[in-house]
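Notes follow the structure.
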Amino acid sequence: MNIDRSITSSSPFARINQYSYFKKENEILFSMHTVFRVHQIEEKEHDGIKFWRVKLTLTNANDDQQLSTLMKRIRQEITGTGWQKMGKLLWKLGENHKAEELYNMLLNEASNENDESYCYHYLGMIKNDLGQYNEAIEFYQKSLDIKEKTLPPNHPDLASSYNNIGLVYKNMGEYSKALTYYEKDLEIGLKALPPNHPDLATSYNNIGNVYKDMGEYSKALSSHERSLEIRKIALPPNHPDLAASYLNIGLVYNNMGEYSKALSSYERSLEIWKIALPSNHPNLAASYNNIGMVYDNMGEYSKALSSYERSLEIQKIALPPHHPDLASSYNNIGNVYAKMGEYSKALSSYERSLEIRKIALPPNHPHLASSYNNIGSVYYNMGEYSKALSSYERSLEIKKIALPPNHPDLAQSYNNIGNVYNNMGEYSKALSSYERSLDIDKKVLPPNHPDLASDYNNIGEVYRNMGEYSKALSSYERSLEIFKIALPPNHPSLATSYNNIGMVCDEMGEYSKALSFLQKGLDIRQKSLPPNHPDIAQSKSNIEDVKKKM
């Protein structure tokens, strides 16, 4: 069994949390200091001309609790003066190109270095969102250079710059640099702020996100739990940042394969956001998305689909029609359909995701590479290997332009190209691709990262197909060693390793060993997966085949 690397989407939280307010129906309209609530929109057509009848009622923040809550949160989050507020609002709404035009205009009109630094900082944030990471670093560095000249060495604004530079390096897969900048941010915070200040919680949160991406889950969990401790002391019990902490703890548990703990954390996050935020806020969509990811990983595909579709419903109301988060939802719905074997539906969802990303993002944004990768995975599962190869190679082309030469996502592309060649029987090409993937992962990941285990597993698969069983066994065993260190004892990937070792032993005629490993795989799958999961049926079938040979 090969290990394929498709892409799901989640939203880590940075120093500036992103909340957007944009509704299509029952929305609140602001006009010349007068506020109306939209109750009903009725579409009419006459002589080929469309028009709408809109039912409005006058309202104000004193009488309307939802409006009062909305206005309070907007005031908290849209800070700055004059046009700066408009720029930040556009950015929060995902209108990055409009926000970029505005900040460039403000930069040209800046009358002092502080205003220049402000504009450079926000241009860096916009470039980061657009996946233009080198430009983001340049803008952040220009902002930081001004701050270092004009501010004392432990000023919180310096910490903010270090934090956001760290976020860009994290997105680029340069985890050691990201960690360095996040630790600079934390160092200033520990000196300049009270011990339970919310910004310290954000620093620990972001350090935890880097450790998660590095596969160092115990360190990630420790950082996120420290963040949560501070937020529990510093913030009201239903503050959205507490929900963010529970969400990120859930992400770590999800990656560790501890799905019940992940689900519990995600549901706690959702409870808080339901209290703290409007009913169609994008962060509620993020919660449903991540709950869907857990069910997806557990093989409970109908529940996963239901959660992803709930996420999409909210996003359609809350976000502009071509917002990148909508693309992520279609992507994740496609992932579920692909696992259910409903490939035409999967392809349709992935292509819808790609359409939105082509409109919303620059032509070489990494998320476009993700879309091509996942379309390639569908064609791969359909046995249309030439189409799969074409999509995977398009994905790789974009990644080579957008990412550093040893980014883990490049390894993912080589891995998936290797899968195609392996299934086409072109084993030397498959081996070359898998070894390229392994070479990158060895450079950028810790020695016991799960992706290294996946690389060794897939190299073992090629050797097995070539009939070189001793080499296959060696690779599978190396994969298993890493999974044992990196993952909990009942993680499904361990079951895959035991299954594959069992299959090689079977082919080598060592039936008692084969039976032992296959049984270990089955035991794990029965503990970690739903009873009707296809991998359990596969394990049982493999065991029966070996028993017949004995």
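Including glycine, each Cβ sits where the backbone N, Cα and C put it.
Features as listed in TrEMBL:
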type: REGION; residues: 528-550; note: region 'Disordered'
type: REPEAT; residues: 117-150; note: repeat 'TPR'
type: REPEAT; residues: 159-192; note: repeat 'TPR'
type: REPEAT; residues: 201-234; note: repeat 'TPR'
type: REPEAT; residues: 243-276; note: repeat 'TPR'
type: REPEAT; residues: 285-318; note: repeat 'TPR'
type: REPEAT; residues: 327-360; note: repeat 'TPR'
type: REPEAT; residues: 369-402; note: repeat 'TPR'
type: REPEAT; residues: 411-444; note: repeat 'TPR'
type: REPEAT; residues: 453-486; note: repeat 'TPR'
type: REPEAT; residues: 495-528; note: repeat 'TPR'
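Applying DSSP to the repeat 'TPR' (117-150) sorts its residues as follows: 31 helix, 0 strand, 3 coil. When pLDDT is averaged over the repeat 'TPR' (285-318), the result is 93. Nonlocal intrachain contacts for the repeat 'TPR' (117-150), taken as residues 6+ away from its ends with a CB within less than 8 angstroms of a stretch CB, comprise 16, 80, 84, 87-88, 91, 94, 96, 99-100, 103-104, 106-107, 110, 157-158, 160-162, 164-165, 167-169, 171-172, 361-362, 364-367, 402. Same-chain residues lying 6+ beyond the ends of the repeat 'TPR' (201-234) with a Cβ under 8 Å from its Cβ atoms: 12-15, 159, 163, 166-167, 170, 173, 175, 178-179, 182-183, 185-186, 189, 241-242, 244-246, 248-249, 251-253, 255-256, 445-446, 448-451, 486. Assigned with DSSP, the residues of the repeat 'TPR' (201-234) fall into helix, strand and coil as follows: 31 helix, 0 strand, 3 coil.
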